[in-house]
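Engineer: Features from TrEMBL:
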| type | residues | note |
| --- | --- | --- |
| BINDING | 76 | Zn(2+) binding site |
| DOMAIN | 184-272 | domain 'Peptidase M20 dimerisation' |
């Protein structure tokens, strides 16, 4: 089997294994089998117990044959819904689902690239300083796998996460921190037709609070949103409780903190104005990262792209990934674009050309990294 057919067939195999967030057991077992067959040491950590998932993270290691740095290659195993019963199709050089589910290129195209690049290293006898792979659980919605990874099994200080929608050659070097904001506004119930003046309308309080907030694009580095509001029991009852859920993100931590505090104050002020009470909880989901252009992963990825005739593109993103956590743990991590399109929708797709290029690019990254003195 030639390498092109091998990559395509493996990707089609991967996307047909159900692995929605928290239910990664089948894909984890398949990856352990594949990695062991490739001759790697393989472990499954206990992240699943902490995250209440069916499986833990899968970590694998290929001992080095040279003096270059150890590299960590990473992709997440889980997918969003609807992700069960995927039936992929290949038409005119494009891989998509039947249209009833997502495809799962996010992030199984990343998994396929890592598996193939390791095969190419072994088949071609490429000298390297050591390869480690981390396939994480429950990245979608919380980065729970990366947060609970057994870092005692990781020795690499340079990492490439294959989990961005840019074309091969895209290198994400800047990503925001993220706060989640939740509030329960507590008013007072009353009959809406008989004695509404005795009530405190929690929905009105929440609406006033949101109206006082700056939301959307705050500046070129900061965004915020109110995404969920729920409450009320019947149209003839003044609602005594409503919940609000929102977020704040920024490429700068101090701006995120200011935006979160602004939203908190808007809720508190509205509650005070109407005689209600507000229980507010904020949580930082992940920190930001900002890799300089001369950092090892960026230099390696740029040189590898140029070697292949790809145009390296250093970009910022408004979303988070496992790279946010890895960078916070002292592992210099860049996110690599893998060409997935319309992710998190039933229109998701990836071209065969990008699927093949991903493996070629990652293989070149491994070869270029050997030039760096450990």
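Count begins at 1; order follows the chain as displayed.
Quick reminder: no glycine exception, Cβ is built from N, Cα and C everywhere.
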Engineer: Taking only the residues in the domain 'Peptidase M20 dimerisation' (184-272), give me the average pLDDT of this model.
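Structural biologist: That stretch averages a pLDDT of 98.
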Engineer: What are the DSSP helix, strand and coil residue counts for the domain 'Peptidase M20 dimerisation' (184-272)?
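Structural biologist: When I sort the residues of the domain 'Peptidase M20 dimerisation' (184-272) into the three classes, I find 33 helix, 33 strand, 23 coil.
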Engineer: Does anything in the same chain, at least 6 positions from residue 76 (Zn(2+) binding site), have a Cβ under 8 Å from its Cβ, and if so what?
Structural biologist: 107, 110, 135, 136, 137, 138, 139, 140, 145, 163, 322
